[in-house]
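Following: one structure in structure tokens, then a few remarks.
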Amino acid sequence: ADVPGNYPLDKDGNTYTCLELGENKDCQKVCKLHGVQYGYCYAFSCWCKEYLDDKDSV
């Protein structure tokens with residue numbers, strides 16, 4: 001089953017890029033900014049588990 005989630009967007013409407021795939025401290029911080037406890041780097045963008053609202057840019 002697919003885990004729900006999404007790519008959060010910054011204030012300019014862009015995804016957060018990342019270089020270190022998988023577990024990524026920067027992405028963890030980004031996801032916590034968006035109110036989600038866990039995230040990782042997938043396809044060079046931060047992806048947040050169970051993050052559904054892609055309109056809540058920070």
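Just so you know, glycine gets a Cβ as well, placed from its N, Cα and C.
Keep in mind that this is a model prediction, so the values were computed, not measured.
These features come from Swiss-Prot:
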| type | residues | note |
| --- | --- | --- |
| DISULFID | Cys18-Cys41 | disulfide bond |
| DISULFID | Cys27-Cys46 | disulfide bond |
| DISULFID | Cys31-Cys48 | disulfide bond |
| DOMAIN | 3-58 | domain 'LCN-type CS-alpha/beta' |
Distant-in-sequence Cβ neighbours of Cys46 (disulfide bond), under 8 Å, six or more positions away: Tyr7, Pro8, Thr15, Tyr16, Thr17, Cys18, Asn24, Asp26, Cys27, Val30, Cys31, Gly39, Tyr40
Inter-residue C-alpha distance, Cys41 (disulfide bond) and Cys48 (disulfide bond) (nearest angstrom): 9
Nonlocal neighbours by CB distance (under 8 Å) for Cys48 (disulfide bond), same chain, sequence gap 6 or more: Gly5, Asn6, Tyr7, Pro8, Cys27, Val30, Cys31, His34, Val36, Tyr38, Gly39
DSSP residue counts for the domain 'LCN-type CS-alpha/beta' (3-58), split into helix, strand and coil: 9 helix, 16 strand, 31 coil
Cys27 (disulfide bond) CB neighbourhood, other CB atoms within 10 A: 25
Cys41 (disulfide bond), number of other Cβ atoms within 10 Å: 22
Fewest other C-beta atoms within 10 angstroms, as judged across Cys18, Cys31, which are the disulfide-bonded residues: Cys18
